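Visitor: Pasting in a structure now, in structure tokens, and then I'll have a few things to ask.
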Amino acid sequence: MSEDAVKNAILIAGPTASGKSALAIRMAKATGGFIVNTDSMQVYGVLDLLTARPSRADLAEAEHFLYGHVPPSSTYSTGKWFEDVEALLGRCGLQGRVPIFVGGTGLYFRALLGGLSQMPEVSAQVRDHWRGRMEAEGAKALHAVLCVRDPAIAAALQPSDSQRIVRALEVLESTGKSLLEWQKVKGRALVDDQSAQKIVLRPDRAWLGERIARRFSAMWAEGAIDEVRALLALDLDPALPAMKAIGVREVSAFLAETMSREEAIERSVIATRQYAKRQSTWFRNQLGEDWRVYASGEEVFQGGSFRDPQ
């Protein structure tokens, strides 16, 4: 643990639509703390509704940071988020207050606690080169390249794992070191593991599935179509993370009149449920036993489970 790691932070993890944001606001009010986005999709601008960013009413109830601050034309790494959080925690007006980290991106939580190796930044030129080759040649061809240049990591990757193959080649070219070597470098913690309150929301699966369906229908009614229309007007690379947000492909198909409204909503709901299942599985398998599991945000406050860190 770093000596500068923030003590008494609150960490709230859980699948999408599980009630994390409402719990974070309630905790911010109880502690006088501030909320920090810990979700890799909610960093992008334009998609307020489809990424379920806090509403204007939510923003009025508590201070929120690192939401929608990244243009959808950009990529944004865990390392960049780590840097932004570090800068945020150093602000004079926030020091001494309780940071409440809330979101569904497991790697962000791991990075906060020092459990993620600090990966090097890769230049846009190198990234574009290898991603262009991946698109042109395919995963098997680039896996063969990796077998020659870095046989150790190539042996650990499936020949079809295009994302990790490209990442390994990018890092090797940028730094001259294998990704395996970078992964051995211990991460630096921004949050003190021992004093942090670590919470995982794990709601009933049927309840969550219904909530996801209701929420996406509300997104549609409140302007998700306009969001996607604005995103498409930017004429972005389909490979960018923002273009892969759940609902973008389905709403785009609706706008192109290749999919009905009902089918677009149904497919988006199914994709969101599948994503929530993957998130829940990750949290169950990857977070330590010191993370306390609750079925709902309300349960956190029942029976004196929540302690004010101030």
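Glycine is no exception: its Cβ is also placed from the backbone N, Cα and C atoms.
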Visitor: Which is it, of 163-167, 208-212, 223-227, that Swiss-Prot names as region 'Interaction with substrate tRNA'?
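Guide: Within the set 163-167, 208-212, 223-227, Swiss-Prot attaches region 'Interaction with substrate tRNA' to 163-167.
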Visitor: Of the ranges 39-42, 75-78, 115-118, 131-134, which one does Swiss-Prot flag as region 'Interaction with substrate tRNA'?
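Guide: My reading of Swiss-Prot: the region 'Interaction with substrate tRNA' range is 39-42.
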Visitor: Could you tell me which of these recorded positions, Lys20, Arg127, has the fewest other Cβ atoms within 10 Å of its Cβ?
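Guide: So among Lys20, Arg127, the recorded positions given, the one with the fewest Cβ atoms within 10 Å is Arg127.
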Visitor: May I have the list of same-chain residues other than Thr16, Ala17, Ser18, Gly19, Lys20, Ser21 whose Cβ is within 8 Å of the Cβ centroid of the recorded substrate site, in sequence order?
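Guide: Output for this site, in sequence order: Gly14, Pro15, Ala22, Ala52, Gly104, Leu201.
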Visitor: Starting from the Cβ centroid of Gly14, Pro15, Thr16, Ala17, Ser18, Gly19, Lys20, Ser21, which together make up the recorded ATP site, report each further residue of the same chain whose Cβ lies within 8 Å of that point, ordered by sequence.
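Guide: Here the non-site neighbours turn out to be Gly104, Leu201, Pro203, Leu208.
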Visitor: Roughly how many angstrom lie between the C-alpha atoms of Gly14 (ATP binding site) and Thr105 (site 'Interaction with substrate tRNA')?
Guide: 9
Visitor: What is the separation, in Å, between the Cα atoms of Ala17 (ATP binding site) and Arg127 (site 'Interaction with substrate tRNA')?
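Guide: Checking the Cα atoms of Ala17 (ATP binding site) and Arg127 (site 'Interaction with substrate tRNA') gives a distance of 33 Å.
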Visitor: Based on Cα distances to Arg127 (site 'Interaction with substrate tRNA'), point out the closest of the binding-site residues Thr16, Ser18, Gly19.
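Guide: Nearest by Cα distance to Arg127 (site 'Interaction with substrate tRNA'): Thr16.
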Visitor: Quick one: give me the count of other CB atoms within 10 A of the CB of Ala17 (ATP binding site).
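Guide: Its Cβ has 25 other Cβ atoms within 10 Å.
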